[in-house]
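Each remark here refers to the structure printed beneath this line.
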């Protein structure tokens with residue numbers, strides 16, 4: 001009879017968990033889309049935001065530098081528990097105020113202030129939601145969330161360019177004013193779409209998990225609800241990551257409520273009070289050192305290379321207009337080349353960032369430098385084309401402009417930019433996938449259930465578990481600075497590189513880059 005009652009009690013949770021993973025995927029995809037779409041809209045609107053005599057690189061600089069500072073400094077300075085609800089609220093207000101400031105201003109200074117605020121929100125948002133993926137109940141749900149986040153950020157590139165293309169006719173005030181409603185979906189998604197983590201936990205009950213028995217001193221406390229610590233035989237798919245009750249996911253970092261909005265019991269609060277876990281500066285630096293070579297340098301290199309291509313080389317990849325075939329339908333003016341290269345790049349970034357969501361296996365950790373190596377080859381080949389017209393047939397090699405037909409180098413450049421997008425997206429999603437797996441609970445237990453310190457797994461060191469969760473949050477937050485660092489370096493390289501490549505083309509008799 002007791003078993004029947006227990007089954008009836010668990011039925012609502014099992015029913016509620018039916019669509020929990022779908023809600024999780026949708027929530028993190030929306031988070032990724034919202035976090036990056038304003039960044040793309042602002043870059044797409046750069047020509048309209050500054051005067052003709054102001055370098056457009058100023059917009060790019062103010063659009064990336066505050067985000068970089070946030071992602072570099074915040075993980076090192078912040079300590080203790082992360083209050084995700086407050087962070088989401090901060091990102092919403094900061095992003096909305098920034099875009100409204102841009103829309104309602106007509107001079108350069110307040111617009112740059114608004115761009116900086118939007119950038120600050122974007123940096124804090126990426127830091128927050130990447131850290132949130134490490135707090136989910138199982139490795140499978142973390143993988144789902146990370147894949148959805150990556151897909152959303154990838155789609156933001158296509159969506160942002162498309163939104164501004166549709167709204168540009170309304171001008172800066174009208175177009176950006178309409179875009180200002182987008183940040184309001186952050187709290188809506190966080191509160192109403194993101195599922196309670198207990199539902200995600202319930203959806204994993206059919207997997208070979210066992211709840212970790214608590215010590216008698218805790219389990220005998222009538223006011224104490226045992227944390228749902230999940231332990232299983234090590235597997236490649238489902239690996240428990242943390243204690244959901246104590247982690248920053250299940251307890252929403254508010255003192256009196258959990259992620260489900262339920263009041264915490266006195267036992268929960270006492271257990272939270274037991275936590276003295278804080279990462280010292282020395283501990284953070286110890287965690288950071290192995291991340292630099294293993295993850296941050298390869299990711300930074302990928303971003304330097306791809307943004308040098310996008311901002312420094314791609315604007316000079318201009319060809320005589322084709323007179324037949326598909327390319328003649330796409331390119332009606334020399335000004336059509338650069339937007340097409342950008343769209344191609346963004347599309348393939350979206351596809352590669354969605355690889356985890358599409359069920360493709362991640363690349364092995366030892367191969368994480370591979371996207372950067374391939375990206376360097378792509379950069380080198382495109383540089384040669386822009387500098388020496390390496391792939392052009394003799395009829396299209398300057399000073400000749402062809403006598404009708406299609407320059408074969410258009411197709412080659414298109415394929416190389418497709419590869420560029422695949423490498424960039426792959427470097428991002430695979431790096432954060434492997435960073436998120438570091439320090440999981442399963443690494444601290446052997447197959448017999450004994451932990452690294454020789455203790456029985458039936459005795460739970462709550463403080464140590466919570467500290468492990470903080471370490472995972474710090475790792476993924478710290479690595480997040482690598483991409484913004486790469487973009488900043490690329491912007492410093494790209495401006496003089498574009499000028500030098502265009503001057504070289506003009507010297508050879510091809511002046512199209514000056515006529516755009």
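Note that Cβ sites are derived from N, Cα and C of the backbone, with glycine treated the same way.
Remember, it's a predicted structure, so these values are computed and weren't measured experimentally.
Tertiary proximity for the transmembrane segment (24-44) is limited to same-chain residues at least six positions away from its ends with a CB under 8 Å from its CB atoms, namely 59-60, 63, 67, 91, 95, 98-99, 102, 115, 118-119, 121-122, 125-126, 129, 133, 136, 141, 144-157, 159-161, 163-165, 176, 179, 182-183, 185-186, 189-190, 193-195, 200, 357. The transmembrane segment annotation in Swiss-Prot covers 24-44 (among others).
The annotation transmembrane segment is assigned in Swiss-Prot to 57-77 (among others).
Cβ atoms under 8 Å from those of the transmembrane segment (88-108) belong to residues 35, 38, 42, 49-51, 54, 114-122, 124-125, 128, 172-173, 175-177, 179-180, 182-184, 186-187, 190 of the same chain, restricted to positions at least 6 beyond its ends. Taken from Swiss-Prot, the feature transmembrane segment applies to 88-108 (among others).
As annotated by Swiss-Prot, transmembrane segment applies to 112-132 (among others).
Feature annotation from Swiss-Prot assigns transmembrane segment to 146-166 (among others); the stated evidence is sequence analysis.
Here Swiss-Prot flags 169-189 (among others) as transmembrane segment, drawing on sequence analysis.
Marked as transmembrane segment by Swiss-Prot: 371-391 (among others). When Cβ-Cβ distances below 8 Å are used as the criterion, the transmembrane segment (371-391) is approached by residues 298-299, 301-302, 305-306, 308-309, 313-314, 316-317, 397-398, 408-409, 412-413, 416-417, 419-420, 423-424, 426-427, 430, 501, 504-505, 508, 510 of the same chain, each at least six residues removed from its ends.
The transmembrane segment annotation in Swiss-Prot covers 409-429 (among others).
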